[in-house]
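**Q** So Swiss-Prot lists these for the protein:
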TRANSMEM  36-56  transmembrane segment
TRANSMEM  95-115  transmembrane segment
TRANSMEM  131-151  transmembrane segment
């Protein structure tokens with residue numbers, strides 16, 4: 001059962017608009033064939049031409065060649081894995097670290113159900129979800145910054 005709002009044809013303002021032809025697709029330019037055959041291919045081919053042109057005119061180096069016999073002193077993951085890397089690095093029990101990593105998406109899945117009875121969309125009128133979001137963001141930033149530091153300074157961020 002779909003929820004659609006049917007127009008009120010007894011409304012005189014709507015009837016006047018319909019009498020003028022407004023509210024229907026009787027004005028403007030049709031999408032077929034004008035947009036689909038002429039404008040879209042030009043935009044797509046122009047995007048491809050710009051991408052290929054930039055790749056040919058300004059080839060960027062990938063970086064220094066890899067040396068399989070030299071490993072870096074500390075292997076760091078990509079920046080978006082820093083918070084969970086910090087969890088794995090600081091928790092002594094690795095099983096607990098993996099469970100804490102699995103708790104991150106599980107916790108994110110529970111946030112919408114904490115205030116599902118609240119009908120407001122304004123964050124200031126949803127204090128529980130907003131508080132959880134702000135605390136989670138602060139913890140993720142704290143863990144992310146700590147992952148880039150040596151392990152003895154990672155939890156305090158070198159401030160103490």
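Each Cβ is built from the backbone N, Cα and C atoms, and glycine gets one as well.
Give me the structural setting of these features: burial, nearby parts and distances.
**A** Beyond its flanks by at least six residues, the transmembrane segment (36-56) meets no residue of its own chain at a Cβ-Cβ distance under 8 Å.
Within its own chain, the transmembrane segment (131-151) has Cβ neighbours under 8 Å at 76, 79, 82-87, 89-90, 107, 111, 114, 123, 157-158, counting only residues six or more beyond its boundaries.
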